[in-house]
Amino acid sequence: MTILHSTDFFKAGISTVAIEPRLPQSAFPEHHHDFHEIVIVEQGSGIHVFNGQPYTIGGGSVCFIRDHDRHLYEHTDNLCLTNVLYRAPDAFRFLAGVSQLLPQEQEGNYPSHWRVNQTVLQQVRHIVAQIEAVGSDTDTHAVASREILFMQLLVLLRKSSLAEEATNNDARLNQLLAWLEDHFAQEICWEEVAAQFSLSLRTLHRQLKQQTGLTPQRYLNRVRLMKARHLLRHSDESVTDIAYRCGFGDSNHFSTLFRREFDWSPRDIRQGRDAILQ
């Protein structure tokens, strides 16, 4: 597995914050690093496999990666990221208590993926631009300025995360996408789901297309297929059982969609043939 080292990203040993844009981010194999990062998805879509679990990400997704987490990107489509790197929550020179603003692991569950709306994303871009404008100077004022801006970024992300009440269409769409991650196997009526989150069907189609590049049904199919691929790799259930468990009513249709998405059949994945060639 690839290991990324802080010495390659932080311009000097004294630096505590760094910005690494990926415009775009292509598919990247599984890796981990000896630093922490906040991944901000600017636009496009892709699959983020985090500690073995697949997540569909798009514009407004925010991912919190710790130094012991492993992750990879695949099936990227114009996926543009900004990576905000920091050495560790307790490694700042002028900040204390940073960990209180980060996701907290409870009973083995680490809420690594948040979403913010497009208005907040613009504010995030502004703060990131300010951090970049400070440059890589290592004098006291530059280090302090970068850390202050990093704290502003954390506060903004925390206040704007899904814990906040949905007050506009962007926030409602983000909550709908989070809901789909947990209810993907259900039979979905898009009119009912849109109404559940106080969206018109037309608004749902338009905003989801803008944020992910996919129609609602295409997005749902991708989520279902990613969950199915994970089960094929990590369970002993039959292909048919996995198809039904992931919301597909017909195993033949499931196999057709699966091959179209991944260029491998479910049986190929079960036998690990894709891993052999990677």
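Along the chain as shown, the residues are counted starting at 1.
Cβ atoms here come from the backbone N, Cα and C positions, even for glycine.
Given the structure is predicted, the values throughout are model-derived calculations rather than measurements.
When Swiss-Prot is compared with the stretches 47-70, 119-142, 239-262, the one noted as DNA-binding region is 239-262. Within the listed segments 15-36, 191-212, Swiss-Prot records DNA-binding region for the stretch 191-212.
A gap of 10 Å separates the Cα atoms of D241 (site 'Interaction with sigma-70') and D250 (site 'Interaction with sigma-70'). Across the DNA-binding region (191-212), DSSP assigns 18 helix, 0 strand, 4 coil.
Counting residue by residue with DSSP, the DNA-binding region (239-262) contains 19 helix, 0 strand, 5 coil.
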